[in-house]
Structure formats: C-alpha cells, structure tokens
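Here TrEMBL flags 40-59, 71-90, 110-131, 161-178, 185-204, 216-237 as transmembrane segment. Residues annotated as domain 'NfeD integral membrane' in TrEMBL: 116-234. Look at TrEMBL and you will find 249-304 tagged as domain 'NfeD-like C-terminal'.
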Amino acid sequence: MLPFLISVAVISLSGVMMPGPMFAVTVAKSYKSQFAGIKIALGHALVEIPLMLLIYFGFARFFHQEPVQIALYLAGGGVLVWLGIGMFRARGRVTDKDRDLPYNSVVAGVVTSDPTIAVILLSLAMLGITVEIFNPGLIFPGVFGGICAFLASYSLGFLPINYAGIALIALAGGLFIAEVFTPGFGLFAGGGVASLVFGFLILFSGRPTLFQPDPWVIPTIISVISAVIAFIIYHVVRVHRRQATTGREELPGKTATVKVALEPEGTVLHEGELWTAILDEGKAKPGEEVMITKFEGMKLYVTKKQQNVKQK
C-alpha cells in the first residue's frame, strides 16, 4: 500500500508541475498563498485515488489487452493533436488580470483535473432519477441519481455557468417524463432532445476555455441519454400495445410483484407494467408476489399468494 500512496503523491505533484490548466491555476493561486500548490495537488489526488485503487485491486489487467491499448493510444494521440491545435489557435492571446480565481485551491485542483466531471455527474443524475421514476421501488437508481445531483450542484457552483442551460436541461427531463406518461407521439421526446442539446451548449457558453468540458463529452452524453430515453419509451409503448391485445379480462388470477409496499395501497409490477394496487388485508413488502383478484379502472385488487393457497 505504501508504494501505492507514493505513486498517488508523485502523480498529483507531477500534475501540478506539468504545463496545462492545472499549472496555470497553480501559478495564479501562488500569488495569494504559498501553500496553493500543495492544496491543488490534494484536489488532484482526490480524482486520481479512485483510478489508482482500481489499478491496485487488479483492474490493471484490463489495460493489458491489445484492443484496449490500441484504443488508449488512439485516444491519447487524438487528445494531444487537439491540444496542439488549440495552442496554435490561441497564439498571441494575452490575458492580463490581477484578480484571484473565485475558487479555493483544493476545489481548483479537482475541477482542473477534469472539468467534464460536473457535466458527467449532471447527466448521471438525470439518468438515475429518470430510471427511478419509471421503475419506482428500485431505490438504487434514485439514490445514485440524487448523490450525483448533489455532487453536480456542488461542482457547478464553482464554475462560471449559464443558469439558463441548467433550466433547459431540467426542462428536457420533464419533457422526457411527459412523453412516457402521455401520448405525445414523439413530440415531447423531440422537444426534450432539443432542450437537452441547447441546454448543454449554452451551459458554458462564453465562459473561460479553462473550465469548459471537452468537446466530445457533450455529444456523447446527449447520444447516451437519448438512447436510454428512446429505449424506455419503446418498452412502455410495447407494454401498452401488449395490454391492448391481451385484454384486461385475463388479469384476474395472474401474479404480480410488489414494487412499492402495499399498506394496503401501493404499486405492483405485472408483465413489465406498473399498476396501482390495493391489498385485501394486511401488508406486503417490496419483492413479495401477490395474486390479482379483480380490477377496477386503473387499479388492481390483489391478495397474498400464501393466503390464496391456504384458502384452496
């Protein structure tokens, strides 16, 4: 473990000293504090430690595979070319400001390690919360999305963002949810994708290049979120069509799984579709199986399978 800690310290210090955004922030902060370099290295270490732990516990074998190494070589070469083009285009530009950066040194170390972290956390929060809404009772996606949302808000609080972008991203989430619960024929989903694109585009619009995410991150995130939402919408539409062809008359006698505790009203899952259900007596915990006895409108009336077996 000691060599591991030494490696993290060396990587953190090298990141502070290597030419790049972190070095620029270190120089800017050093005018105000003699310990700025150490604090920024600490922030950089907070990003590097999880990666190093993966390698320490055996994940390094993944990087020994030839396809992975080729992908890393190509990606690394592409990044170097992109950085070189950016330096060439920025030649001759001089910025003369004597005011300090509005971030403490540790946070500056985290942010400048990879400014795209906040954007990725924001997208993970949207996905996690959306999945939890469509599948209530799973718990993990909701908890994970909530944690990512808090971390994203903390990170974005230290970045010069455009809050109109945040509003558009939130609107996109609402439109995606509306598409699933209302027959919008794709209009809500299309509006959600457009709102998501414009939201991410103006989120860092006109802000310093130092704290902007990498150009490839936003298109990737938009593609992944759109694919996930499209999959969910397709699944929901397929379930509704299946319900229309089979008919509700076949529901009595079928088995459903409790997703939200029945006390006595809750939510059950039957053939991939969530229903509001009312238990005849007692309570049922998530994961228990119940039997459908009848349906009225959009509600199912259920009974515990054990009770049903005893009655027989």
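Cβ coordinates are placed from backbone N, Cα and C, and glycine is handled just like the others.
Under 8 Å from some Cβ of the transmembrane segment (185-204) lie the Cβ atoms of residues 119, 159-162, 164-169, 171-176, 178-179, 211-213, 218, 221-222, 225-226, 229-230, 233, all in the same chain and six or more residues away from its ends. Per-class residue totals from DSSP over the domain 'NfeD-like C-terminal' (249-304), listed helix then strand then coil: 2 helix, 35 strand, 19 coil.
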